[in-house]
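A.B. asks: Below is the structure I would like to discuss, written out as structure tokens.
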Amino acid sequence: MSKKIIYFLCTGNSCRSQMAEGFGKHYLSDEWEVYSAGMEAHGLNPNAVKAMNEVGIDISDQTSDLIHIDLLNNADFVVTLCGDAADKCPLTPAHVKREHWGFDDPAKAEGTKEERWMVFQRVRDEIGARIKKFAETGE
């Protein structure tokens, strides 16, 4: 039996969707092929890599990719992680389940270096908890 496809989308495929892909591969890889992409490709944010390393998940080999229409149309589940992606994401066929799980953009955090870093950690933990919940309950 082939695995289902889950596709995490955000604006730049730099932070949130990259962390979601990492957590998805960690929690969901037995049943799901996990991908991420963005409306634009801003490159992998080094703080996203650092934040994920703190929880033992290496995303340093992931790439920042634009949405691939064929993958979008063949996915079983598409998850938008920011309002911009939810608004601008191309239409998906009726058979593709689509949900919005909104998270703050850690790359836009303000304050001291430590305060900005705490936002990366918080968003990472929120994304991880949401994907773990999905892995455990299917919701």
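For all residues, glycine too, the Cβ spot is worked out from N, Cα and C.
Quick paste of what Swiss-Prot says about this protein:
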- Cys10: active site, nucleophile (ACT_SITE)
- Cys10-Cys82: disulfide bond (DISULFID)
- Cys82: active site, nucleophile (ACT_SITE)
- Cys82-Cys89: disulfide bond (DISULFID)
- Cys89: active site, nucleophile (ACT_SITE)
A.B. asks: Among Cys10, Cys82, Cys89, the recorded positions in question, whose Cβ has the most other Cβ atoms within 10 Å in this structure?
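C.D. replies: That would be Cys10, with the highest Cβ count within 10 Å.
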A.B. asks: For the C-alpha pair, I'd like the distance in angstrom between Cys10 (active site, nucleophile) and Cys89 (disulfide bond), rounded off.
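C.D. replies: That separation, Cα to Cα, works out to 9 Å.
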A.B. asks: On the three-state reduction of DSSP, what should I expect for Cys10 (active site, nucleophile)?
C.D. replies: strand
